[in-house]
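See below for the structure under consideration.
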Amino acid sequence: MTASGRTNPYSIVSSEEDGLHLVTMSGANGFGNGKVHTRRRCRNRFVKKNGQCNIEFANMDEKSQRYLADMFTTCVDIRWRYMLLIFSLAFLASWLLFGVIFWVIAVAHGDLEPAEAHGRTPCVLQVHGFMAAFLFSIETQTTIGYGLRCVTEECPVAVFMVVAQSIVGCIIDSFMIGAIMAKMARPKKRAQTLLFSHNAVVALRDGKLCLMWRVGNLRKSHIVEAHVRAQLIKPRVTEEGEYIPLDQIDIDVGFDKGLDRIFLVSPITILHEIDEASPLFGISRQDLETDDFEIVVILEGMVEATAMTTQARSSYLANEILWGHRFEPVLFEEKNQYKIDYSHFHKTYEVPSTPRCSAKDLVENKFLLPSTNSFCYENELAFLSRDEEDEVDGEQDSLGPQARRDFDRPQAGTALEQRPYRRESEI
């Protein structure tokens, strides 16, 4: 039978909603009772899908004073419109303040009276009212220097105020430029181009049940020293009866073996082996459908352009973990390079041979593992690819040199989905 005549027993799950409608059914190894298990109501997320923490601070003592004491961090953290409004008000307040001071000096010196009445040299030339004093304040702080108004040696106080306003203007400018540059250079936005899969999966990997999720980098610039970590968050009651609403338990992603450090050039599947030390060791597929927990995944590294540390976060609720699924391949070899097809990044396919028991029961040999030579989705892709390559080679051999060149030309423009792919493990 040819590759095109084979039936594909693996169903593709392309969205989060499809994964939530999966039912437990009897697999090839006899696990499962065929009943539909209803999930409990979804708990509130501690970390949202976009990485934001779902928390709100309340009843904080001296919140305003504490935020004002760290004014620079406050200006960097607030929204752009508020930061620009603050600096605009700061400039306007300084201009008004020194404008009022110069106006008071002029009033005290009698500069607002006609020059013929007193015959003295004014403290500030061409200042005959508050508006003129305000314009002189703006010219002094911004160093515009139109030339109509200037300070004379008649009033040392006016000279001192010009020096003071120049210093205040430099301080405001430096603070504003520093805050804007720090806000623009923050690595927070770099996390927007770091991608996590919509779902996590549980499947066999080298004979062991593993929790897996996928991460990817949408930019060609690298994340230096990239490493991942994960935590399981769920409510817990201690032996003394204390209720902990968000108990955090570390999930090992290969720290001892160095597997937590990744070279994030192409999408990588992060793996957590469900062993005796795993908090998921006693959870089966049926338990997963009714359990209440959240897995927070974190990707950290340095931005290549700025060497600043960035952090991307996401989370998976229990109903977002697909038992008995694997991720579709996204990395394919094409001519002299590798191509990444992000249209398959979030897609998974079901593997019915995955045991439905917990890893604990699997270790205790209560259930038999399926054959390691069982047919899988990647194998089918590889067979289809080889069959198509053989057909193409056969057609090319039957053509002449000129016809062979004509045959190769449209193949270079074939869409990515139509080109022969190799299995992910062969690349």
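In case you wondered, yes, glycine gets a Cβ from its N, Cα and C as well.
Annotated features in Swiss-Prot:
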| type | residues | note |
| --- | --- | --- |
| BINDING | Thr143 | K(+) 1 binding site |
| BINDING | Thr143, Ile144 | K(+) 2 binding site |
| BINDING | Ile144, Gly145 | K(+) 3 binding site |
| BINDING | Gly145, Tyr146 | K(+) 4 binding site |
| DISULFID | Cys123-Cys155 | disulfide bond |
| INTRAMEM | 130-146 | intramembrane segment |
| MOD_RES | Cys75 | S-nitrosocysteine |
| REGION | 387-427 | region 'Disordered' |
| MOTIF | 143-148 | motif 'Selectivity filter' |
| TOPO_DOM | 1-77 | topological domain 'Cytoplasmic' |
| TOPO_DOM | 105-129 | topological domain 'Extracellular' |
| TOPO_DOM | 147-155 | topological domain 'Extracellular' |
| TOPO_DOM | 184-427 | topological domain 'Cytoplasmic' |
| TRANSMEM | 78-104 | transmembrane segment |
| TRANSMEM | 156-183 | transmembrane segment |
Exercise. Which residue counts does DSSP give the topological domain 'Extracellular' (147-155) for helix, strand and coil?
Worked result: 0 helix, 1 strand, 8 coil
Exercise. Out of Cys123, Ile144, which of the recorded positions is least crowded by other Cβ atoms within 10 Å?
Worked result: Ile144
Exercise. If you average pLDDT over the topological domain 'Extracellular' (147-155), what do you get?
Worked result: 84
Exercise. According to DSSP, which kind of secondary structure is Cys75 (S-nitrosocysteine) found in, if we only use helix, strand and coil?
Worked result: helix
Problem set entry | Integer Cα-Cα distance in angstrom, Gly145 (K(+) 3 binding site) to Cys123 (disulfide bond) | 17
For this session: Note down the number of other Cβ atoms within 10 Å of the Cβ of Cys75 (S-nitrosocysteine), including every protein chain shown.
Result: 19
For this session: Round to a whole number and give the Cα-to-Cα distance in Å for the pair Cys123 (disulfide bond) and Thr143 (K(+) 1 binding site).
Result: 19
For this session: Have a look around Thr143 (K(+) 1 binding site) and count the other CB atoms within 10 A of its CB, chains all included.
Result: 8
Exercise. Can you count helix, strand and coil residues in the topological domain 'Extracellular' (105-129) using DSSP?
Worked result: 9 helix, 1 strand, 15 coil
For this session: May I ask which residues of the same chain, at least 6 positions away in sequence, place their Cβ under 8 angstroms from the Cβ of Cys155 (disulfide bond)?
Result: Ile105, His109, Cys123, Val124
Problem set entry | Tertiary contacts of the topological domain 'Extracellular' (105-129), as residues 6+ beyond its ends and Cβ separation under 8 Å | 136, 148-152, 154-155, 157-158, 161
For this session: Count the Cβ atoms, other than its own, that fall within 10 Å of the Cβ of Gly145 (K(+) 3 binding site), considering every protein chain shown.
Result: 10
